[in-house]
Amino acid sequence: MDFTIQVRATRRRRRSNGIPHGIFLMLSLLLLLSFLPNPTNASIHVYDNQTFREVGNANLLSGGSEGIAATLSARSYIRFENITFWRSKDAAEKLSDMEHSTGLIQVIIFETADRNNIGGSAYGGQRAICCTPDLAKMEGCKQGEVIRRPSATDKNWPIVLNVQFSGNYLYTNMDYQEILIPKTGMYNLFFVACDPKLKGLTMSGKTLWKNPNGYLPGRMAPLMKFYVFMALAYALLGIIWFTQYVRFWKDILQLQHCITAVIALGLFEMILWYFDHVNFNNTGMRPIVVTTLVVTVGAVRKTVSRLLILIVSMGYGVVRPTLGGLTSKVLLLGITFFLATELLNITEYVGTINDVSGRARLFLVLPDAFLDAFLILWIFTSLSKTLEQLQAKRSSVKLDMYRKFSNALAVTVIASVAWIVYEVYFKATDPFNEKWQSAWVITAFWDILAFALLCVICYLWAPSQSSQRYAYSDEVGEESDDEESHSLTRAKLAGDISLVKQDNIESTEDFDEDDTEDKKE
């Protein structure tokens, strides 16, 4: 079926569907938070007196970049609402006095695959966006306008809309328009002024970017279903763990309380992420309070999870009763890691408008990655010392458990390094986000890996009637495992009996020898 581009000048507004009923009771909390003030905009891009910047031979302003899917059953579009352009008083007077200057502003919408169809030959070391007298002769473009060549797949694209200042007015309004999206792709929006006298131009208004199923950006849409599955996985793990937890309450170790907290935080985080995406998809808005709450819970869960792995590696509750002087260092590292993760997540999720992450994220990734590397080094160093202590004490059951844990941890680290390499390759080979439909896997992998490691820890430290055999004890007889204790006890009793018999035999022999000597005398 052939798609045609329709530019509709209509004032209709579609009401977003209500948030669907969920299976979790967190819905009421999120609905309450959704009505709190100070929302940040996501698929509804708001421009608040933003200034055009000079790029090459043009003044331009980026209006956004998102992956949009197109289907036959539902419409996808980019809608312009209340767009107003402002120019300076000097610019208005100069342009009104000039006979051939009209104060033209052009709105350009193009798919990333057609990016080379905008602009022409190099100009001052950069690609020329606007047509110059020389380029008009070379490429046949219209002087003073954006250079545009039709797409190979659709001659109507890229879309160019014209907005013009009238007389010496300081502002001009863009008509309410809606651009239908004909095919799935990564779309970009730019506002361009080729007239150099429009330098310092500002703009206000908003644009709405809608996918067939809602306002959720294309790269985030698959995550909504993913968080449902993750929430169910955490719920299932929580049910199994909590059943054992209640059943063997009297034998619970301090370490198992920490594991319970991590499971609860993981479930809570997945539920919050799901409802955050549902609200985002239905309204196109992402309230700051809701998103900040979600990323804060996520940062707490990541911090507690890493500290849990660290204290397990240190042998807390197994080879040492407390962390001793290391407690303050562990807490300091935990607080630092939480702050670094919180700042990174806020930068990435709170206030995110486009599918392209900002440069500020790069500066926040480095401290987070450094702390992760430091944690891994500390974990494996502590784990090595714990294994040595268990070998020295000949505690076979604990040693076997820690060996399984160290193997799982090694596999996790190897998988993490391999995935980081793949992520770097993925982003290096996709500078324009053309692979946006599979970008959600990058985020999903880390949640799956963390859940898998948590399952291993739950399996190794599952509550049972023999949980106390893993607990620390400063008594020599209780330091060994149950099996070892019984075998050592039996060996000790047998040894005591044999020693008594040997002493009796020696005493009898000594008595016989003394008696013989007495007789001889």
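Even glycines carry a Cβ here, placed using N, Cα and C.
Whatever TrEMBL says is automated annotation, not expert-curated.
Over in TrEMBL, the protein carries these features:
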type     : residues : note
COMPBIAS : 506-521  : compositional bias 'Acidic residues'
DOMAIN   : 222-468  : domain 'GOST seven transmembrane'
REGION   : 501-521  : region 'Disordered'
SIGNAL   : 1-42     : signal peptide
TRANSMEM : 226-246  : transmembrane segment
TRANSMEM : 258-275  : transmembrane segment
TRANSMEM : 287-318  : transmembrane segment
TRANSMEM : 330-350  : transmembrane segment
TRANSMEM : 362-384  : transmembrane segment
TRANSMEM : 405-426  : transmembrane segment
TRANSMEM : 438-462  : transmembrane segment
**Asked** For the transmembrane segment (362-384) and the transmembrane segment (226-246), does the number of C-beta pairs under 8 Å, pairs 6 or more apart in sequence, reach 3 or more?
**Response** no
**Complete:** Residues outside the transmembrane segment (226-246) whose C-beta sits under 8 Å from one of its C-beta atoms, at least 6 past its ends, are 24, 252, 256, 259-260, 263-264, 266-267, 270-271, 273-274, 277, 440, 444, 447-448, 451, 454-455, 458, 462-464
**Item:** Chain residues in Cβ proximity to the transmembrane segment (405-426) (below 8 Å; excluding those fewer than six residues from its ends, i.e. six or more beyond)
**Value:** 309, 312-313, 376, 379-380, 383, 387, 435, 439, 442, 445-446, 449, 452-453, 456-457, 460
**Prompt:** Same chain, outside the transmembrane segment (438-462) by at least 6, Cβ under 8 Å from its Cβ: which residues?
**Reply:** 219-223, 226, 230, 233-234, 237, 240-241, 244, 253, 255-256, 259, 262-263, 266, 270, 302, 305, 308-309, 312, 355, 401, 404-405, 408-409, 412, 415-416, 419, 423, 426, 470
**Request:** Report, as numbers and ranges, which residues of the same chain sit near the transmembrane segment (287-318): CB under 8 Å and 6 or more residues beyond its ends.
**Result:** 30, 33-34, 36, 38-40, 253-255, 258-259, 261-262, 265-266, 268-269, 272-273, 276, 279, 326, 330, 333-334, 337-338, 341-342, 345-346, 349-351, 372, 375, 378-380, 382-383, 385-386, 389-390, 398, 402, 405, 409, 450, 453-454, 457, 461, 470-472
